[in-house]
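Colleague: I grabbed these lines from TrEMBL:
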TRANSMEM  12-31  transmembrane segment
TRANSMEM  71-92  transmembrane segment
TRANSMEM  104-123  transmembrane segment
TRANSMEM  143-163  transmembrane segment
REGION    179-215  region 'Disordered'
COMPBIAS  188-207  compositional bias 'Basic and acidic residues'
TRANSMEM  345-365  transmembrane segment
TRANSMEM  385-412  transmembrane segment
TRANSMEM  424-444  transmembrane segment
TRANSMEM  464-486  transmembrane segment
TRANSMEM  498-522  transmembrane segment
Amino acid sequence: MSASLGLVIYSAVKPIFKIYFIIGMGFFLAKRNILPVTTCRDISDLVVSAVMPCLIFTNIVSYLQSSDIKALGIIFFEGTLLFVVGSLLGLLTHYVCKSPKAWFGGLISVGLFPNISDLPIAYLQTMARTGSLFTSAESDKGVAYVCIFLASQVFYQFSLGLFKLIRYDFRDQLAESDAEGTVGASDSGEKKAGKEPVSPEKPEDVLAPRSSDSSASIASLELEAKLLAEDTPETPQNKLLAPSGSRLCHTSSSVLRRRGLLSLVIENPLHMTSSRNTDACLVVSEHMEELIHEYSEFQNLRTNETHRSQSIMDDDLAETTSQVSEHAPTSSKFKRRVILTLKNFLAPNSVSLIVSLIIAMSPPLKALFVESRFHLPSAPDHQPPLSFVIDITSYVGAASVPLGLLILGATISRLKVHSMIPGFWKTAVMITACRLIILPIFGVGLTTGLQNAGWYGDDRLIRFVSVLEFGLPNATALVYFTAFYTDPDSPDHLQMDCLAICLIAQYAILFISLPFLVTFTLKVSMGF
């Protein structure tokens, strides 16, 4: 089809207004403390536990079919290239710009993981409303392709544990804590047994902290914290780490902060009056410190490693350490890794994706939910028997992107740079250029080559979505991953400062780079 240059440019710019407006709304609500950190966390859990699975189910069941199975392989292949090239660019940035060694894993993660779902879905849904370039059905099918890209990211980031690259930056802090705990355990062992303390070096190599082998669920990072608590011996010192309900107890400062918020809620009843609105405006908005206190599990990580060292100092466990090292050091680690990887497939997003793909690839099952070529008796309203399920999931799933963009804006509002390392601006500029300039160029070249090779066939949506995925900034989820390992009591948050600078730089120029990429792709590459 042929479209004027003005139409293509306007169609590429129009979604940016909606995206930035919702992001700005989240920014404003966070500054007014209407979206505090705890509320944002609850909304995030709601999105990944209920809303996003509904969006995945609706679009995959409705718009994918058995003939699209080739597209699934292409998307996973492109996603793998996206993550590999991005990580290599991050590695190149580290050595070229001589980036801080304490932010090596974080920089690789910045190159590795983009905001792969909310932004492209918002783009597709907006462009389809006019019907000038893509129809509504094409847009919904494009959303299904985005969900497959999201699945590939989840596989690498969570199932393979690549999110723990960020943990590498905090190895020194955790090692210091572990060393302190080992010294304390050694002293107590001498007093208790009257013997020479067992050297902790070899046992620690054998019984490495299980937290390093654990993995996070798609919903949040709480699975790793729960596994830490389960692995920690039941002693009076660590009873506070036992899980309560769906969360772990946090440090005393975090608990006091939660109590302060609770008292604020009690003092302000839930009736919307002018006085309450005035009081809410007077509440100081929360910043990065509150976010770190909410998400940080540094104390749990430190306590887990300390207790593990203390257990090693015990005479009985010291005798069995050699047996563990002789019989099952590698196999037990591998088994634990496999179990944790399989557990991630039980997360809501993963279950929804697997179930929806099974239904979409099976014509008899698909006919139960949507109209298809496979004939089944209809319901009394002449609709498929289970069409009401699609109605429910589409209704709920529609809230996924707006809520995600609101949380994005609230997270950006809390980014704060306490100090910048001299010369770090070069790292920020280069990694921003890699993400929003070099990667899109690579994506356009890759998709053009795959199109010429006949991989896409007549499906223009998969090509457009693929290019779009190569031009996205980082996901703000990296903020929560970094906060997870950050010591809330430390006066210096170098890793968070570095990440904040890079995120601010990327989202500051996204409104220019993404419309340009879309315009070039539609008009030049795809010939609209």
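Sequential numbering from 1, following the chain as shown.
Cβ atoms here come from the backbone N, Cα and C positions, even for glycine.
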Colleague: Assess whether the transmembrane segment (104-123) lies in contact with the transmembrane segment (345-365), where contact requires at least three Cβ pairs under 8 Å among residues 6 or more apart in sequence.
Modeller: no
Colleague: Taking 3+ C-beta pairs under 8 angstroms (sequence gap of 6 or more) as contact, is the transmembrane segment (143-163) in contact with the transmembrane segment (385-412)?
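Modeller: Result for the transmembrane segment (143-163) with the transmembrane segment (385-412) is no.
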Colleague: Hey, which of 71-92, 345-365, 464-486, 498-522 has the most Cβ-Cβ pairs under 8 Å against the transmembrane segment (12-31)?
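Modeller: Of the candidates 71-92, 345-365, 464-486, 498-522, 498-522 scores highest.
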Colleague: Who are the long-range neighbours of the transmembrane segment (385-412) in its own chain, taking Cβ under 8 Å and residues 6 or more past its ends?
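Modeller: For the transmembrane segment (385-412), the nonlocal Cβ contacts are 19, 22-30, 35, 40, 43-44, 46-47, 50-52, 54-59, 61-62, 115, 117-118, 121-122, 125, 291, 368-370, 376-379, 476, 479, 503-504, 507.
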Colleague: In terms of Cβ proximity under 8 Å, which residues at least six beyond the ends of the transmembrane segment (424-444) contact it?
Modeller: 82, 85-86, 89-90, 92-94, 96-97, 99-100, 107, 110-111, 114, 466-467, 469-474, 498, 501-502, 505-506, 509-510, 513-514, 517, 520-521, 525
